[in-house]
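Asks: After the C-alpha cells below, expect a handful of questions from me.
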C-alpha cells in the first residue's frame, strides 16, 4: 500500500473544502444530518456520495487485508478484518474480557447503550424461536468456518466516517462487544471483524436504514498489497462492470448460485458448484470433487515441463519448484498458461464467467516456489460450499449491490484510489 498517496489524497480533499463557501455548505449538510430521518435521507440523495477506506495487507505472506475504523467518543482507531462472508461487526471488548487474543490496540471500552433482546438487529442474529434470557440486552455468539468464534453483547456506539466529498458523519451503529474469543486456524492479530454481509446487522445495512448511504459494498484488492473498500454506489461506472444476479436460494451469503468449472476455455463437466464471494478468506476453495479434477488437469498440463512438485514446501498443499527460484507469478506464467473460470448459470441464457488467470490462483512462496492458491474446501469443513477468496479478487473491483441484488466485477488498478463518479452534488 502506498500510504503516502492515501495521506496526500485526504490532505488535498480537506484543503479543497476549506474555503468559506465550502465550510458554509458543509455546515448546512451536517445540520441536515443531525435533523430528522427524512432530512438524512434527503442528505444521502443530495450528496450522492460514498464512504471510502484505504486497505492494508496482502494475500501472502501477511495472509489478510484490513481497514482502520474509528469508533467511540472520543473516536479511537481499530484494525478490522473486513468480511463479506458475515454480518456482525465486533471488537474485542473489556466488559471485562474473559478470553481475548493478541490485538494491535487496547481493548474496546463498551458504551452503556445496550441493544435490547427484542430489537430487530438482535433478532437478525438469532433463529426465529430464540428466547430472551436478559430482555434488556442482546447476547450473541458468532462462529466462523475456521473454527474461530466471538461471544459477547450488542451495544451501540459512534462510528466516525467521512464521505468522499469531505462531509463527516458520526452515526450510532450496533456492534458486538466481544468478551470471549476463540482464535481460528486462520487467526490474525486484529481488533475485530467488520461484518459486511447481506443481513440487517451489517454496517452498510445499518447505514442504509438511517438514509446515509446506499446498500452497496465494494472492494479493490491490489496484488501488490493494499487497495480500498467503499460503501455506496458513487465510485464506479456500472456500465463497465460485469454483473450477475445474487441467488435467491442462498441468501445468507453473497452467492451467484451454482456454477460450472471451466479450464482452458472449455467446460470440465464439474457442475452445480455453490459459490460464494468471501473477502474474509485469503484463498479460494473448491469442494473435493472440483479440487481433485482441477489439480489433475493442472498436473497434466505441467507434465513434460521443467517443474517438479515440492512437498517439502508446506506454504500451501501443492507447490512446484523450477530450475531456479521464482521471483514473481509473472515468472511462473510461462508454465501456467491456462486460465480457469467459474460460469454462473443464473444470468439468463448467457452464462456470466468469473475468470481466474494465473495471478488469481498462484502465489510465490518465500522459498521461491510457485504454489496453488486454490485449496480443498471439504477438508477444512466447508462441506459443499465453494469460496472465491481474496487471491482471486485481486486487481479487480468487486461490487455487492444489495439494492439491485447483483454482484459485479471489473478489472481495476487497485493501487490508486478511484476517481469519484460524483464528487459534488449541490
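Each residue, glycine too, has its Cβ placed from N, Cα and C.
Unlike curated records, TrEMBL annotations are generated automatically.
These came from TrEMBL, pasted as-is:
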type	residues	note
ACT_SITE	83	active site
ACT_SITE	278	active site
DOMAIN	65-410	domain 'Peptidase A1'
SIGNAL	1-20	signal peptide
Asks: Determine the minimum-neighbour residue: among 83, 278, listed as active-site residues, which Cβ has the fewest other Cβ atoms within 10 angstroms?
Replies: 83
Asks: Could you measure between residue 278 (active site) and residue 83 (active site) for me? Cα positions, answer in whole angstrom.
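Replies: The Cα atom of residue 278 (active site) is 7 Å away from the Cα atom of residue 83 (active site).
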Asks: Mean pLDDT over the domain 'Peptidase A1' (65-410): what is the value?
Replies: 95
